[in-house]
Amino acid sequence: MKLINIWLLLLVVLLCGKKHLGDRLGKKAFEKASCPSCSHLTLKVEFSSTVVEYEYIVAFNGYFTAKARNSFISSALKSSEVDNWRIIPRNNPSSDYPSDFEVIQIKEKQKAGLLTLEDHPNIKRVTPQRKVFRSLKFAESDPIVPCNETRWSQKWQSSRPLRRASLSLGSGFWHATGRHSSRRLLRAIPRQVAQTLQADVLWQMGYTGANVRVAVFDTGLSEKHPHFKNVKERTNWTNERTLDDGLGHGTFVAGVIASMRECQGFAPDAELHIFRVFTNNQVSYTSWFLDAFNYAILKKIDVLNLSIGGPDFMDHPFVDKVWELTANNVIMVSAIGNDGPLYGTLNNPADQMDVIGVGGIDFEDNIARFSSRGMTTWELPGGYGRVKPDIVTYGAGVRGSGVKGGCRALSGTSVASPVVAGAVTLLVSTVQKRELVNPASVKQALIASARRLPGVNMFEQGHGKLDLLRAYQILSSYKPQASLSPSYIDLTECPYMWPYCSQPIYYGGMPTIVNVTILNGMGVTGRIVDKPEWRPYLPQNGDNIEVAFSYSSVLWPWSGYLAISISVTKKAASWEGIAQGHIMITVASPAETEAKNGAEHTSTVKLPIKVKIIPTPPRSKRVLWDQYHNLRYPPGYFPRDNLRMKNDPLDWNGDHVHTNFRDMYQHLRSMGYFVEVLGAPFTCFDATQYGTLLMVDSEEEYFPEEIAKLRRDVDNGLSLVIFSDWYNTSVMRKVKFYDENTRQWWMPDTGGANIPALNELLSVWNMGFSDGLYEGEFALANHDMYYASGCSIAKFPEDGVVITQTFKDQGLEVLKQETAVVENVPILGLYQIPAEGGGRIVLYGDSNCLDDSHRQKDCFWLLDALLQYTSYGVTPPSLSHSGNRQRPPSGAGLAPPERMEGNHLHRYSKVLEAHLGDPKPRPLPACPHLSWAKPQPLNETAPSNLWKHQKLLSIDLDKVVLPNFRSNRPQVRPLSPGESGAWDIPGGIMPGRYNQEVGQTIPVFAFLGAMVALAFFVVQISKAKSRPKRRRPRAKRPQLTQQTHPPRTPSV
């Protein structure tokens, strides 16, 4: 009976233990996904924004009370005819303080009232109120196969789909992997990221983020979450009456920064300030962010994490407020975006100079596929983008706090961003002289200490991987100074300096522009003293290059730019070799104390330059890319070129050879062509230097002077290759949509390309495109091709070569959901100008085969064949003798495509006057003129290796000695078949803190083991008591054998 009771007791203990473990595993499984297949899905957090009709943000020149703001608006509107207006109340924690903006509602559509407001001396700007949406969407985790539906199905959202990048991806949100480097399953393994970056070394030195105020702008945080002990304040900026996190994203971000147990954060003792700026329906407004930003300034926040972003770097109220935040010493850390591996996909505000933009890597130090790539596109078309991201860190499979406790693993740059924010918070707590900490000094320490990843260019990794301990060493001995990003220019260093290293420079070429960021750790404002100085090294042929400068007149806040144009002197037109020199700039900032009357702090920085020069290539090998006539979002609604890609409605990557046409550029370079970029009108280049002008996906209009000059250039030997795209006003009206939230129609400003403008350009040669819209797969010259939402050729000279194909009428499918097949659609035309020495013209109706954004089948082979034709006059036999060659269309009876009535292209065009009515061109702008710097030659040898870790002045890392602590590193076990990615990875325990995960798991198994052992001994004792006693037999005397010692056998 006792034995039965013992076994019953053991069974109860085992069942209780099984239930306890099952509850924990079930909770994790629920947090991971709600369906068994979720480990194979991705849940993308996408952002979109709309303009709220009738609502406007009125920004003032200073901070005023509510009464004063009301008075300013009332007096401004008094003289106008606007009567139906009101100030929208904002009930949030900042309502009791002065503000620099107001939200008003004007029900009348007259713009006179807005203009009257802007005329008021205390009003800075009036901009539309924007509504921000965040949506969670499951999709296949394989990003290679694009969304390509076989039948048209128009499913517009009720908000303007200005696509915001996925900044949070995780198991539970998304499952992500890094780059597949070999033929094996590569999973994002959840890690204790704080200890992987050796934060435990600083913990054991006594630094845990104490006395540092860190703000998390996200979805809120529950009041009694077990992971946080120092939540100083929770504020709600939404229209919902709750402070709790109903989604889990804000909890996760806060946990990565400051969790004190289980999945430990970097700075558990930091003061957490939680700003709930998104509702449970994932909606926010620009005004909510502005109020919250103002409150963050008021609360003297030290570090602010913003794990959101989007492509709209022209949302002026938001951008201006970010500048104001950093000017008030708030260190902002923001996610760079999840639109990789495509280039030119950086998100705002992470692409701003004063913000630390963070990209993502996996735990094998591969750039995460989802991480957005540079360059910035603010500067196009006339300039060149800056280096971003600033640094990269772990963003795939990172563990953080669950919404109700426990841990979960997420991936995305919105995960990498709080990793850096947490590291910065920890670093700030180590600095004794807190007055030295500012957005510039922290950024300088991070990029100077970053570890460069091999085989990765600067537009993927920035300055490299976050190195927490080296950053600590730098900050510990930091002295205020200026620095540069990048810290040197080496156009021979590949792959890091791609694309600069991909093409040497030569005489007569377009100047190479390098956009350098100046970081000023001495003060929020600064200036460049005198002018930058160019000092060529004579022994290294530095006198063979010349440089010109453009730079910020004022460095604010904490930063500015230095644009360097590099060109080759005439004497080196036939020379080949390496040329070197350096630029010297001196930055000055006002002294902080008023006692120093007019005193300034100064810092002099050297920027080494190294370039490779070759003799000027022949004209036939030089291709000029037209950048000036490409338009993008922001600010206009320029639709995608492939209408099948409804999940990416905007053309926002810049259409540059180093962004979404990167693969095409790489191919042309591999074929021996030299590609230059024209960021000015056609009147600003010497056509005798180039064999082909390449115009791809052009949305801009043309000056009359450009049309006349291009005709002369083609007559004199310049060839023209045009890749067009769809344009159809009926389809444009169809793809407009009604926003139910704003009760407003959104209309494209043009089609995929501006066909009416192109036809005006081509009319002198009797050529033109139609407004037909076609799609389909076909074969040409034994190559598989795909025509994605392209147009056809409407007319072409009779002595030209025209290739036709059979396609589906996609326009009919869009407009009427009907399917029809059209034969003999003219898509490719080749024409030789009959005049002696004339050039050649090629037309093709679709650019998607060159564009990296949604390319399904490339047509690089066709581009090669066309350039052979335009450069050397050799018509490819595969085209001239093709069975698809047809008689060129005459265009008789076809009405040319017209510009859509009421379009707003004039608002964003560099060519058209900004007014309604018939389009009229502006006056032709002057061509850019560079003022070359006067050289100050140096008769000394240049340094042989320009790549060093960016050494800040007066910093000696050897003086800052780190203690030799033995820290536990997370152990990784291999992935079993069918196992999910949400693993429990053992990690070290923070000194002085109880690891709840280990504390929950180990006692359970210890208790079960003790009970099993106890039961075993009880059973043995019971058996022994019930066994009858035996008389011990007398021991027998052993018999002697001949073999006294056993044989020796080898021990194993």
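Just so you know, glycine gets a Cβ as well, placed from its N, Cα and C.
Of the given residue ranges 229-252, 877-900, Swiss-Prot assigns the label region 'Disordered' to 877-900. Under the three-state DSSP scheme, H249 (active site, charge relay system) falls in the helix class. Sequence-remote contacts of a segment are chain residues at least 6 beyond its ends whose Cβ falls under 8 Å from one of its Cβ atoms, and for the region 'Disordered' (877-900) they are 727-729, 732-733, 747, 750, 755-756, 759, 768-771, 780-782, 793-798, 800-805, 824, 826, 828-830, 865, 919. Secondary structure of the region 'Disordered' (877-900) per DSSP (helix as H, G, I; strand as E, B; remaining residues coil): 4 helix, 2 strand, 18 coil. Under DSSP, S414 (active site, charge relay system) is assigned to a helix (H, G or I) in the three-state scheme.
The DSSP secondary structure for D218 (active site, charge relay system) is strand. Geometry remark: S414 (active site, charge relay system) versus H249 (active site, charge relay system), CA distance 9 Å.
S414 (active site, charge relay system) is surrounded by 34 other CB atoms, counting those within 10 A of its CB over all protein chains shown. When the Cα atoms are compared, H249 (active site, charge relay system) and D218 (active site, charge relay system) turn out to be 7 Å apart.
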